[in-house]
Amino acid sequence: KGKCPEDGWDESTIELFLHELAIMDSNNFLGNCGVGEREGRVASGLVARRHYRLIHGIGRSGDISAVQPKAAGSSLLNKLTNSVVLDVIKLAGVRTVTSCFVVPMATGMSLTLCFLTLRHKRPKAKYIIWPRIDQKSCFKSMITAGFEPVVIENVLEGDELRTDLKAVEAKIKALGAENILCVHSTTSCFAPRVPDRLEELAVICANYDIPHIVNNAYGVQSSKCMHLIQQGARVGRIDAFVQSLDKNFMVPVGGAIIAGFNESFIQEISKMYPGRASASPSLDVLITLLSLGASGYKKLLKERKEMFSYLSSELKKLADNHNERLLDTPHNPISLAMSLKNLDETNDAAVTQLGSMLFTRQVSGARVVPCGSVQTVNNYTFKGFMSHANDYPCAYLNAASAIGIKKQDVDVFLKRLDKCLKTFRKEAKQEKSINEISDSNTATEQLED
């Protein structure tokens, strides 16, 4: 049926299934006589076993989704994977999605492929409207495709950084709709930035007949991000949305899903991919989803949401204990931010030093963001880089509740963060005492003189 099974399969069943697919590929036929340049020959038995002897990859030279006659098993694997993944995207909240395919590139290059496909539809266009998010790969995806990003600064509303819709529309009018390739929006992001106002952007794109590509990097795991995409497509225009395999399905880095609501456009993108492609990302995600089943994946989504609430409440307590505060970002369903105002006032290096301390204590994924850092990416200079704004009011620390996170991860992180912050407070107290003694001695000496 091409659906994700409700209950997960055991490993021996999955392996039997993969071996059945593999014997349909010509390189595994007993009497095969190959005289071409690409015959699925593998020198190492270890490599062959690692790939379950599915060596031919997916697609043909002109279309990544096309069936390869001498690789019937690999072609079936590809079609089944795309079908199962489409089922899971619907399950996660985008009910009206019509088509998707797994591509063996991470999110940034997959976005580039979307932009290159749009180039043929809009030959005059040279600009991409991009509400700012300080993440290098999505910025580079536009540069690599040969377009000029038009950066729209975010608006500060309370603690949150939100889409400046007026600036987007003003820029479209100034540049001319025909000169704009697309609007490139974002769902999943680091707090205090929150998902773009997708519904409003989709309406603007529909009104001006401009394509809309959504970077949904790790948004599949969030019902809120998926709801925004569903609503955007319902009220306006969303041409494609791209998501990472590793961040949403806990598989190795190297694959993404390009999905959309117009099947012919998604097929155009798949035909834009030059040559055949590695089957590894498709194989990894199919094995994972067969192992989890629909019920197992839904359980992971539920646990992630529960851990977000737990992380939020516990991080707020810790922030209060250190005279800091958990930034109020209710529109961000995955990432949280805690102010580091007192730390920032201690000395300029204290914030980045905290990041180093956490990393050496085996806390990965937490980001510390100092005020005022400047970075140049492809000749574009970002002020306040990593904070998604030129002048965010305070330094802060990020932590995220992503799929697969456990209560133990949250508890250990909070314990280590607490210890690091106490170390800074102790050092600051000692330094203050030394300064007071020094000031006192100076005053005494002045009196004696």
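Every residue, even glycine, has its Cβ placed from backbone N, Cα and C.
Remember, it's a predicted structure, so these values are computed and weren't measured experimentally.
Per TrEMBL, these features apply:
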type	residues	note
BINDING	Arg38	pyridoxal 5'-phosphate binding site
BINDING	Arg60, Ser61, Gln68, Arg276	substrate binding site
BINDING	Arg234, Arg361, Lys426	tRNA binding site
MOD_RES	Lys247	N6-(pyridoxal phosphate)lysine
REGION	429-449	region 'Disordered'
COMPBIAS	435-449	compositional bias 'Polar residues'
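Known features from TrEMBL, placed on the structure.
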{"residue": "Arg38", "record": "pyridoxal 5'-phosphate binding site", "CB count, 10 Å": "13"}
{"residue": "Arg60", "record": "substrate binding site", "CB count, 10 Å": "16"}
{"residue": "Ser61", "record": "substrate binding site", "CB count, 10 Å": "10"}
{"residue": "Gln68", "record": "substrate binding site", "CB count, 10 Å": "19"}
{"residue": "Arg234", "record": "tRNA binding site", "CB count, 10 Å": "13"}
{"residue": "Lys247", "record": "N6-(pyridoxal phosphate)lysine", "CB count, 10 Å": "22"}
{"residue": "Arg276", "record": "substrate binding site", "CB count, 10 Å": "21"}
{"residue": "Arg361", "record": "tRNA binding site", "CB count, 10 Å": "14"}
{"residue": "Lys426", "record": "tRNA binding site", "CB count, 10 Å": "10"}
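When the Cα atoms are compared, Lys426 (tRNA binding site) and Arg276 (substrate binding site) turn out to be 59 Å apart.
Put simply, Arg38 is the one of the recorded positions Arg38, Arg234, Lys247, Arg361 whose Cα lies nearest to the Cα of Arg276 (substrate binding site). On the backbone, the CA of Gln68 (substrate binding site) and the CA of the residue listed as 'N6-(pyridoxal phosphate)lysine' stand 30 Å apart. For Arg234 (tRNA binding site) paired with Lys247 (N6-(pyridoxal phosphate)lysine), the C-alpha to C-alpha distance reads 26 Å. Across the structure, Lys247 (N6-(pyridoxal phosphate)lysine) and Arg361 (tRNA binding site) place their CA atoms 23 angstrom apart. Of the residues the record lists as binding tRNA, namely Arg234, Arg361, Lys426, the two whose Cα atoms sit farthest apart are 55 Å from each other. Each of Gly57, Ile58, Gly59, Gly62, Asp63, Ala66, Gly275 belongs to the same chain as Arg60, Ser61, Gln68, Arg276, is absent from that list, and has a C-beta within 8 angstroms of the C-beta centroid marking the substrate site. Arg38 (pyridoxal 5'-phosphate binding site) sits 12 Å from Arg60 (substrate binding site), taking the CA atoms of both as reference points. Cα of Ser61 (substrate binding site) to Cα of Arg361 (tRNA binding site): a distance of 48 Å.
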